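The structure under discussion is supplied below as structure tokens; questions concerning it will follow.
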Amino acid sequence: MKALHFGAGNIGRGFIGKLLADAGVELVFADVNQAVLDALNARHEYPVHVVGEQAKVETVRNVSAVNSTSDEIIDLIAEVDLLTTAVGPQILERIAASVAKGLIKRHEEGNARPLNIIACENMVRGTSQLKQHVLKALPEQYHSWLEANIGFVDSAVDRIVPPSAADSSDPLEVTVETFSEWIVDKTQFVGEPPAIAGMELTDNLMAFVERKLFTLNTGHAITAYLGQQAGHQTIRDAILDGQIRAVVQGAMEESGAVLIKRYGFDAEKHAAYIQKILSRFENPYLKDDVERVGRQPLRKLSAGDRLIKPTLGTLEYQLPHDNLVKGIAAALHYRSDQDPQAQELATLLEKQGVQATLAQISGLDAQSEVVSAAVKAYNATA
Ligand SMILES: NC(=O)C1=CN([C@@H]2O[C@H](COP(=O)(O)OP(=O)(O)OC[C@H]3O[C@@H](n4cnc5c(N)ncnc54)[C@H](O)[C@@H]3O)[C@@H](O)[C@H]2O)C=CC1
Ligand SMILES: O=P(O)(O)OC[C@H]1O[C@](O)(CO)[C@@H](O)[C@@H]1O
């Protein structure tokens, strides 16, 4: 089997690409980072440091790379059996035109083998969103062929992979935690799902996506935002701060109460899931900066993402949300010179004040109780 994976970054090299290569798949990475592309094509292998109590270095072999803006991509899409992505939610729209061109070539060459596409991003049903972008870029005459031959498979992806240590001179080296979980919607495949160790199939994906995004990512984001406000550099330092930990655990429990109502999760197992996540944040072997985890605050404060969506759930079921609101207020304080969204957030706050800014970014009613409470919490910590 041959696969094309867009995004040879942290999760691409450290998780999805590794699983595919380990399963014996012939893997081509597509990226725009020339240093990474050159190194992959020179060496065809790279080291993955799996850190934990028993650290080990595993070598991923038999990989190559192409520039995702080149025409080689089109030929590959016409040919491969699996296409995966880990590029970031905002990039999916940018790669859609190349995917559409590749699909046209595949059709014209009469390639009738199924192709399954799986976006591995921190998004609810990210592959379905990619499909909409591809359909927009694809002339209508190919749409019925696409429905019959191309599977757009949603997934939930969970492994903490921060950028490699600053002292590493190897652009391919990647450091990952021991834990990993990749769950895909088995109902969306065209043809048989490929057998890839570590890729789990489910017919109840939404429960897993929301469980992951609105527990791990909710807690992670709040740890980052409160951590930055308190002057901590890393997620570990932040979560070891008792005051921050109480809010983070409280927020995950508030979000968890919604998930338990919505999906019928077992309350005890969910409490254990939260404890496991707290211990992952404490991982002494990973150096994960609060600035990385808090990146792109406008995305993280949008209506469907990890802070607002669980809060809306608490309103739906009339459940408490004090800690989630503290997390929302802390997100509004996030600052980063490297992050255009952080700068846009600061400009919006300066121009129109906190109430209007939060309402605009989140889609919440400016007069709502949640916005008032977040404004109060924001001002209390300004
Ligand atoms: N790092 C992590 O622990 C996890 C990340 N994710 C998700 O995975 C996605 C990627 O995250 P990371 O790997 O951390 O980011 P990253 O920044 O390390 O990797 C993204 C890669 O995409 C490449 N890229 C950018 N534009 C591209 C284009 N047009 N075509 C092809 N490649 C392009 C970049 O050069 C980079 O190598 C995000 O959606 C993130 O939320 C999900 C779970 C865990
Ligand atoms: O990748 P995003 O969506 O910006 O968010 C960062 C987060 O995602 C992760 O990369 C893992 O899912 C975490 O490290 C963190 O919660």
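Just so it is clear, glycine is given a Cβ too, placed from its N, Cα and C backbone atoms.
Feature annotation from TrEMBL assigns NAD(+) binding site to Ala3, Leu4, His5, Phe6, Gly7, Ala8, Gly9, Asn10, Ile11, Gly12, Arg13, Gly14. The domain 'Mannitol dehydrogenase N-terminal' annotation in TrEMBL covers 1-197. Residues annotated as domain 'Mannitol dehydrogenase C-terminal' in TrEMBL: 204-380.
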Across all chains shown, how many C-beta atoms besides its own are within 10 angstroms of the C-beta of Gly9 (NAD(+) binding site)?
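Other Cβ atoms within 10 Å of Gly9 (NAD(+) binding site): 19.
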Is Ile11 (NAD(+) binding site) helix, strand or coil when read with DSSP?
helix
According to DSSP, collapsed to three classes, what secondary structure does His5 (NAD(+) binding site) have?
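It is in a strand.
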Can you list which of the binding-site residues Ala3, His5, Arg13 have their Cβ under 6 Å from some atom of ligand 1?
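By the Cβ criterion, which requires under 6 Å to ligand 1, there are no hits.
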Between Ala3, Ile11, which of the binding-site residues has its C-beta surrounded by the fewest other C-beta atoms within 10 Å?
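If we count Cβ atoms within 10 Å for the binding-site residues Ala3, Ile11, the smallest count is at Ala3.
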Measuring CB to CB from Gly7 (NAD(+) binding site), give everything in the same chain under 8 Å that is also at least six residues away in sequence.
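Listed in sequence order: Phe29, Ala30, Asp31, Thr85, Ala86, Val87, Gly88, Ile91.
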Specify the count of other C-beta atoms within 10 Å of the C-beta of Arg13 (NAD(+) binding site).
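I get 30 for this one.
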